[in-house]
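S.K.: I have a structure I would like to understand better, so I am pasting it below and will then ask my questions one at a time.
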Amino acid sequence: MGILSSCSFVLGPPNGLKFRGKYQNNSSKCFLCGEFLSKRRRLISEQKLGRLNFVIRSYYDDRKSNGNDDKGMHGERETKDNSNLATMASSEKKSDDSSDNSPASISPRPPTMSPVGPAYSNFQVDSFKLMELLGPEKVDPADVKLIKEKLFGYSTFWVTREEPFGDLGEGILFLGNIRGKKEDVFAKLQSQLSEIMGDKYNLFMVEEPNSEGEDPRGGPRVSFGLLRKEVSEPEQTTLWQYVIALLLFLLTIGSSVELGIASQINRLPPEIVKYFTDPDAIEPPDMQLLLPFVDAALPLAYGVLGVQLFHEVGHFLAAFPRNVKLSIPYFIPNITLGSFGAITQFKSILPDRKAEVDISLAGPFAGAALSFSMFAVGLLLSSNPDVAGDFVQVPSTLFQGSLFLGLISRAVLGYKAMHAATVSIHPLVIAGWCGLTTSAFNLLPVGCLDGGRAMQGAFGKNTLIASGLATYTLLGLGVLGGPLSLPWGLYVLICQRDPEKPCLNDVTEVGTWRKAVVVVAIVLVLLTLLPVWDELAEELGIGLVTSF
């Protein structure tokens, strides 16, 4: 509706200490989503900026003072070295004089080595301080101690060790052994945390990282992550995001009307057709010639926009009973399909993976249901000569763009109508075709698309990564989507490549029937986006292959 990359890094703070953390690369969000470094900007308050200025001033003062000290120490070191040389010479002379009268002596302690230099430079030390200041607010150590004492215990979860948790290690991950059913323990811990800390923190139940085995009670070993609410929860939609969403919606209306006008290509004036189809055409024609065709283009535009609105309504209807907030949709205009769909964010943390699957599938299923209804009604009307005045002529090769839709069209319209250079169809067929194609694209199991979210919720993040790589490969090779594979792949890479963030309960499975629904949906998506190859098209009579 982005691929998660995590790596380990070691920070080198002063005093030789090392903190290990995990970094989750989520800073490359689409600018439309409003997630680009927004969390960090929000957490840099005036107080932190004051501390930042103090650190910078201290850094330069320390360097200046260190430079003066180094000069003084250099001269002092030379004096000491000269005196040491004189002492050593005199002692050697004395030892030579008394070598015949005194036995050889052995030094009681080995010589000491002076340190070569500091373990960390001033720049490294101050870089660490700046990262601490600019990073998100961390969990209070006093709260961690209180939570370990009052929240966890032998009857719920026995903590054995702690690790950093979150994008920049701003949280705490408690690892240990669970002492009951996962769902019951998690519900109890959430309730007790609210009593102890109020609304200050969010508690996550996640799979234990780098676990060597499964839990004795079955399933993966679990651990509990603690993050501040202001750090873990998404930001609310800002005013400029509403403005961008409105502008994109207006552009989508324009692209939908343009699709309706383009569907009447056999009726358009020749100079208009030549300008848009001939690459050598330079002088634009009088665009007022298109005005008489706008009224005829509106029904198709209404159909395309109706599918997109149904899609978003499906998401909102599924999210409302689960108290999940959604952002305003950012529609993506496209001149070929009218719209590529919309980007809709979760504005609250998902409670569990079941909610993630249900909300993700509700939108495409609603849009696909309306699209298939228009597609089926349009095919039936295309076989009725009484409404032939509303028909539009489209190239028969259009039906070779989808194996699933092409076979249905061939079954309804027949061999004679399909095995021709052009096919007369009702505009509802085009609206339904575009809506089904858009729904199929959004159900691809990659990134933060609806299909990616459903795949992540049903089968986990590792399965999403594997399916995402396969999807990118098929799109790159042009196997799925035909000429739209490249622009769609670029759109996903730029705006939707990162997967969804973890749910509060990111461990409990979604059940067999939800997994089966996701698998069936992915199969239908592949059949919809897989084009009809020439040999099969010629054999079934779907378009004239020789027309190429």
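Note that Cβ sites are derived from N, Cα and C of the backbone, with glycine treated the same way.
Keep in mind it's a predicted model, so treat the numbers as computed, not measured.
Pasting the relevant annotations from TrEMBL:
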- 65-81: compositional bias 'Basic and acidic residues' (COMPBIAS)
- 65-118: region 'Disordered' (REGION)
- 239-261: transmembrane segment (TRANSMEM)
- 289-310: transmembrane segment (TRANSMEM)
- 301-460: domain 'Peptidase M50' (DOMAIN)
- 330-350: transmembrane segment (TRANSMEM)
- 362-382: transmembrane segment (TRANSMEM)
- 394-413: transmembrane segment (TRANSMEM)
- 425-444: transmembrane segment (TRANSMEM)
- 464-494: transmembrane segment (TRANSMEM)
- 515-533: transmembrane segment (TRANSMEM)
S.K.: Average pLDDT across the domain 'Peptidase M50' (301-460)?
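M.R.: It averages 89.
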S.K.: Looking only at residues six or more beyond either end of the transmembrane segment (394-413), which have a C-beta under 8 A from one in the stretch?
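M.R.: Same-chain contacts beyond the ends: 263, 375, 379-380, 382-383, 419-423, 425, 429-430, 433, 436-437, 482, 524, 527-532, 537, 540-544, 547-548.
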S.K.: Counting Cβ pairs under 8 Å that sit 6 or more residues apart, are there three or more between the transmembrane segment (289-310) and the transmembrane segment (464-494)?
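M.R.: Counting Cβ pairs under 8 Å, fewer than 3, so no.
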S.K.: Please figure out which one of 239-261, 362-382, 464-494, 515-533 racks up the most CB pairs under 8 Å against the transmembrane segment (330-350).
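M.R.: It is 239-261, which has the most Cβ pairs under 8 Å.
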S.K.: Cβ under 8 Å, sequence separation of at least 6 from the ends of the transmembrane segment (239-261): give me the contacting residues as numbers and ranges.
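M.R.: Those are 32, 34, 268, 290, 293-294, 296-301, 304-305, 308, 327-339, 427, 430, 434, in sequence order.
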S.K.: State the non-local partners of the transmembrane segment (515-533) in its own chain: residues 6+ outside its ends, Cβ under 8 Å from one of its Cβ atoms.
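M.R.: The answer is 357, 361, 364-365, 399-406, 436-437, 440-441, 443-445, 451, 454-455, 458-459, 479-482, 540, 542.
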